[in-house]
Ligand SMILES: O=P(O)(O)OC[C@H]1O[C@H](O)[C@H](O)[C@@H](O)[C@@H]1O
């Protein structure tokens, strides 16, 4: 298409909302003629389902749950007054708690103000807080923020040593909706040990965000932690960033959570529109449907031209892939649905993988995110008449055209600046797009049945490890190959797992396992050192 024709197409298709200060440009998506009209009945059905969801329908039937993340920024829309009251009072409690921490009324046991904040969580209980912290935080943060988002011992050591002497003024927020996630439990135990080693009382530094009656709730209440904030079963982990999960860390960091919520709320209002061209989330869902043929045939590459949006792709990976990546549709038919998401930021990625995007395997579409405001304050000229920000904009535009020339489709979201309201709006935009798209492809976006298998299998590995440790302890003078060990345990089918457990234990001193190295690694012999 000629440039002039493209400009017409741009104007015809552009969504722009001056209140949200957000545009969605789908002109570089090759919608075939009649696509919008053809999709319209399915979209109307999706809007209807979304309305029912917002009114409190059991939109997640497999788990028999309502889906209420939109009420978090419009509590008056919750279907029961008790829910409205809980949302309102929790927000007030979060703000009051954060203010008391900032004023020093809630302080470290030594009487000093808290200076640092360690968040412990994983998945939906970390990705949202991490994205918000990284996109909106900076040198003016009221608390320095750190994360444990894994059960990697070295990762946790690195954080604890980074905090250093400030541990005694560190507030810890342990976040887990279920309150039983092992990685988070381990993080909590490791943090507790770190505090105890420094002669500090962990409970006097700790706060929980969790479902009522969970294991974490019991620990926090039993040990009189500084506070417990609720997570509700009608908020999914990956859509929990506007609940206490995201708001408590953000408020403590000093981010204006009211503005974050206001941005999300404003975007929610726009994305309730049943006029498809006026609904930016519906437009996104349509681009996904077209680009992936409604079955995930292409990956979504996210290229925000802004360092502060680096973690957006990670956040969206969970939101989109855990919501849409489903084996069965809502009628129980095997569909193997999903849309793969990856990306970091431009222009950085241009020097990494854009080569393949332009010339290599054509299995993706791009979402560019453009941020108009370059920085606070003026910019120097890096050459006559041009700033670093002009270059960033130039590289974005250049990559967009270079990809289009080669038939690679893209959608561009433009926002005016990175602000709490803008981040709230982006989060809400994608939450809604995922919900609408899920209706279009007929999957339940709000459950994650596939996640359990890996957790159960991990539990079985740890159980087998216990049996191996016991066998080594009972026969201290015997050396075992992995095959001998599996036989001795009468678990011959678990020989590969046995091999991996023994190799891992021998690499770490914790279980006192010694190894005699043989020619073939699988013939190595293991014994108890004691
Ligand atoms: O908040 P939690 O209950 O600890 O859950 C943390 C995460 O773990 C699970 O495996 C789920 O797949 C995620 O959706 C969830 O966000």
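Cβ coordinates are placed from backbone N, Cα and C, and glycine is handled just like the others.
Pulled from TrEMBL:
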type	residues	note
ACT_SITE	322	active site, proton donor
ACT_SITE	351	active site
ACT_SITE	455	active site
Sort out the sequence-distant neighbours of the residue listed as 'active site, proton donor' for me: same chain, 6+ apart, CB within less than 8 Å of its CB, listed by position. 123, 238, 448, 451
Within its own chain, what residues at least 6 apart in sequence put their Cβ under 8 Å from the Cβ of residue 351 (active site), listed in sequence order? none
What is the number of other Cβ atoms found within 10 Å of the Cβ of residue 455 (active site)? 11
